[in-house]
Every structure is written in C-alpha cells, then in structure tokens.
Amino acid sequence: MPIITLPDGSQRQFDNPVSVMEVAQSIGAGLAKATIAGRVNGERRDASDIISEDATLEIITAKDEDGLEIIRHSTAHLLGHAIKQLFPNVKMAIGPTIDNGFYYDIDLDRSLTQEDLDALEARMLELAKTNYDVVKKRVSWQEARDTFESRGESYKMAILDENISKDDRPALYHHEEYIDMCRGPHVPNMRFCHHFKLQKVAGAYWRGDSKNKMLQRIYGTAWADKKQLADYLHRLEEAAKRDHRKIGKALDLYHMQEEAPGMVFWHNDGWTIFRELETFVRTKLKQYDYQEVKGPFMMDRVLWEKTGHWQNYGDLMFTTQSENREYAIKPMNCPGHIQIFNQGLKSYRDLPLRMAEFGSCHRNEPSGSLHGLMRVRGFTQDDAHIFCMPEQVESEVTSCIKMVYDIYSTFGFENIQVKLSTRPANSIGTDEMWNKAEADLAAALTANGLAFEIQEGEGAFYGPKIEFALRDCLDREWQCGTIQLDFFLPERLSASYVAEDNDRKTPVMIHRAILGSIERFIGIITEEYAGFFPAWLAPVQAVVMNITDSQAEYVQQVVKQLSDAGLRVKADLRNEKVGFKVREHTLRRVPYMLVCGDKEIAEGKVSVRTRKGADLGTYKVEEFVEMLKKQVRGRELKLLGEE
C-alpha cells in the first residue's frame, strides 16, 4: 500500500503498487495527458514504471527542463526508427541528447546527403503522427544481446559486452518494430515528439577513438511545441548571419590558414580592436591597483614537472628542445607569475599583491575542435594572479567580482550566469581549508547581491572557483570569467611571505580572468554586435568623403582635424558617386560617414550619416570632433541617432 507524497506535500495512498502514469491519472485527466515521466524520490523514471513503496513523486511534463530533454532523447530513437525503415542494413551506435537537441551515430555503407536527411525527417514526422505508444521492457542481459545479435546490431552488442554487467536487466524501448536500448526515461507516446528538425551530418569515430571506424553522426533539434522550434531555428539563422568567421572576412579583421592551424593572423583592423581591448583592460588594471608584468612564453620542463602540468596537461602542451634541455611553451601564465613573486623577500605588508599579464599562451587543442576565434591554439589571456593572506580572500574576491561586472557592463552584457564550483573528490588540503574557502566565495557573491548556482564537486582539485557566463542576444551562454582559489601551486613552487609573527607562510593565490581569451572575446562581441562595433572599438570610426574633386582639399583638412584629435578616420576621395561610397562604407560597418560638398565647405561643416542610415544633419567640424571624442571616451555602446 504505497503512500505517494506530491510536491505540495499532499499524499495519496494506493492499495497496490502503482505506476507513475496511474498516479497522474488519479490526480486528473489533464495531468495524465501531459505526463512524460516522473521523478520518484528525486530519480527520473518512466511513466510506466511501478512504485511499490512509499515515495515522493514529481510529474514531469513538457514544461519542465527534464521533460524537454526526454523529448529530445525519444526523438533520437524516432530517428533510429526512421533510419531502419529507409536503410534496413544500417547499424545503430549511440544517440544521446546534447544542448538544444540530439544526435545519432550510425554505420552506413554510403554517405548521407541532404536529400537523405529530408527523407528521414519526413519519415520521422510520418511515424510520430501515428502517435504510437513507446513500450519499455526490462530483459535479461542475454535476452538483450540475443535481440541485437538477431538484428545485426554489432555496436549495441559491444555496449552490452563492454559497459553493462551480465547481472543487470537492461531496458529495451519498443518503437513498434524498432527496438533500442537505453537507461531512459522516454516519452510514453510519440505525440510528444512532433516538433523537430534534422540539421546536419558529420563524421565521428566510434567511442571517440581515431583508431576505430568513422561513423556518420546525424544532428537534430527537438522542442516541446511548434513555436519553440520556430524560435530556435530563427536564432540559428541569426547566428549564421552573425558568424564571426564570415564577418571577420567581410570586415578584413583576420584570417587563419592551414600552415598555422588554430593561430590567428590579425589584419590591421582586427588588431586595432585587439589593442583597444587591451587598452581598456589596462585602464581597469590601474583603477583596481594591479601591477602589469610579462613572463617568458617558454620554460624548462623541470618547472612544469614541479607544477604538475607536465604529468596532467602534457598532451596539450607544445614542446621543443635546445642544448639537451626540454622546454614547454606555456599553456597558462600562473607558474611564471609565481616566479616573479618569488624574486625578493615578501612581507605580509606587501599583500595583497595583484599581478596581471596579457599572456600569450598555446595549447595543442585537437584539430577537429578548432573553430574560428572561439577555439584556437594560440591565444592571449587577460590573466591575473592575486597573492594574499587567507583573511584577505573574501575582500579580494569581492574586488574581482566588481571588476568583472564593471568590464562586462561596458560591452552591454547584463545577463550573467554565476556558478560556484565546490570541492571535488580528488581535492588536496584540509576540510577546514576548503570549508573556509567555499564560504569566502559564497559570502563575496552574496555580499554583491548575486544569485548563483552551486556545482557540487566541480571545483579544481586545488581550490573552489566562481565562473561567469555571458548570455548573448541569441540566448547563448559563453563562459568567460573565472575566479579560482589555489592552495596548491604556491606551495609547490615555494612561494612564501613573512607573516606578522615572523613565520614563513604560503600565500593563497587567486587566479582571475575576465575576458578569458581575447581572441575568443573578439569572436563573441563580433557576433553580439553583428560587426556593428561601438564607436570606441570600431577600427575606422569615421570616413570623410567628397562629392566632386573640388572638395578633396577640404576633406583632407577634416581628416587631419579628426586624426589630430586621436580619432581613427579615413578619406575616400575616389571618383565615385557619393551614394556608392556611402553604401560601401555602410557594408564595412563604419560608424559615421561625413559628406563634404560645396555647401559644407562654405559653412565649415560636415554632413553626418550613420551606418544604420540615420541622417544627423550638418555639424561644425569641431562639434563633431567633440561629440565623437565624448562617445569614445565614455565607451558608449550606441551612436548618435540610435535608441
């Protein structure tokens, strides 16, 4: 006679074991119709699963995050159902959920085309609209293996052989004649899986191992209703338009080439943006009382062995040899900063010591993971390390948080997700040390009025950390900033200070990054602004153009005035119609276009237009210079005439 406790605290008693669906039906027909699965004692279970003892139960519907994930997982099975009907000889591998969708890896004797994807999608919809029931059956290990052996599903057999104990009773999900194996849960009926889109096919090695066979990975997205799907596809279209790789090429910001994979060739305009970001961050370093340093980009293997990087990070490090010594190109800046700290005796009076560097780092990322500026091998970190005493941690973290938000707000990022990662199983240090460190980070976040998500056990082995993720205009999340406590590295590299009692003590080190990789951050803001950089960041802030040759000298005078004021300006004296010039510079996303005709010369003015098409009328040259300088100085996000 199980007693089921519902989320509102109410209880229902049943005379016999009862399924999740039957509990939903006892509450109401509407809830039963919406039921996808249940959370029994906090564990996700299928709607058909039986509850035989007292338990808590939450019904999962399409409105829940878990419900949407289950819809996506079941849509992956629906894809398997359709593939087996259209390509009976295909072998199915794995089909998990991912962010916003799912994929299925398959072994097929020919490459899939876009026409194949269209046909698969049509068959999936045809099957889903029959609203068939998904039937779950628990079977013995041997019965599961016999089932897949009879169907020639060698990858499913391998999963059973290598990953599932022979004592287990795996769950087989029956989609009419199609059978798949999964931990579940899955939807009880395919009426929940009507809103999906197959997106692309890519290659993927079985088990992620390049020694294994290359399979075809079919990616798809699935949503709870038609509007959610349409909104997501619209965001994808917008993301494609904003792709920093396309915009970077169109605006001549940078390029990459095969001879230097994952390394950026910055062109003049892209490098201008890069240097402006550095200049901006430098103003903040001064404001928040940091020293700026510069360490070598390559150091002896001996040092990296001391830090543990050689043993734990070796695959991602580029190495070289000289005069019988082995060196590693630095993947991060922290060991170098400790070397600087160790030069000369440090007293407690010297702490906190805040050390920052625009450090050039290299990591040997797999070639398949490289993606424009977002994932590179050579990058520059706006890195800092703060050496402090334990009692200074909370105040220093508070200062870091303020700096993070100060910088992000300048770029218009207001929606920032904050996560606190706590002690992992493989941590070093005492319980007391960790408890205080986690409490200090939480207290700093709370003192700043920040809501945060706790990620249990997700901290580094050497200390807890705070992560800051930016949510952009397309609702994508970009993890950029980190504040990481480190009890480990300073001790390993013999960092110490003389405490007030004259004892030698090891400082706490706080790793702090805000932009993260400057290259990646440029990719992020290129997509956020769609290449319409605010005036202070724009490589060219204004173009001055003539209507006829008679205004050429005046144009040059205006250009000199703007240039002398420290503004980035160009002249366009080509023998082209002014409309053609305006269109061209609009496509180049130049913030302001200044047109000089005879009337403007007579009045000592310029006619001002913006890249968004606003006609701002005429300005005295001095007025425009002051207006633009004010915008640049204030790092304003919008141009004149923009709301």
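If you go along the chain as it appears here, the first residue is 1 and each next one adds 1.
Cβ coordinates come from backbone N, Cα and C, glycine included.
Taken from Swiss-Prot, the feature Zn(2+) binding site applies to Cys334, His385, His511. Here Swiss-Prot flags 1-61 as domain 'TGS'. Residues or ranges marked as region 'Catalytic' by Swiss-Prot on the basis of sequence analysis: 243-534.
Its own atom aside, the Cβ of His511 (Zn(2+) binding site) has 23 Cβ atoms within 10 angstroms in the protein chains shown. Under 8 Å, Cβ to Cβ, and six or more positions away along its own chain, Cys334 (Zn(2+) binding site) finds Thr307, Asp383, His385, Asp486, Leu489, Met509, His511. Other than the site residues Cys334, His385, His511, same-chain residues with C-beta atoms no more than 8 angstroms from the centre of those residues' C-beta atoms, the Zn(2+) site, are Met332, Asn333, His337, Asp383, Ala384, Gln484, Asp486, Leu489, Met509, Ile510, Arg512. For the domain 'TGS' (1-61), the number of residues in each DSSP class (helix H, G, I; strand E, B; coil) is 14 helix, 24 strand, 23 coil. Mapped onto three states, the DSSP output places His385 (Zn(2+) binding site) in strand. Every protein chain considered, the tally of other Cβ atoms within 10 Å of the Cβ of His385 (Zn(2+) binding site) stands at 27. Reduced to three states, the DSSP call for Cys334 (Zn(2+) binding site) is helix. Over the domain 'TGS' (1-61), the average per-residue pLDDT in this prediction is 94.
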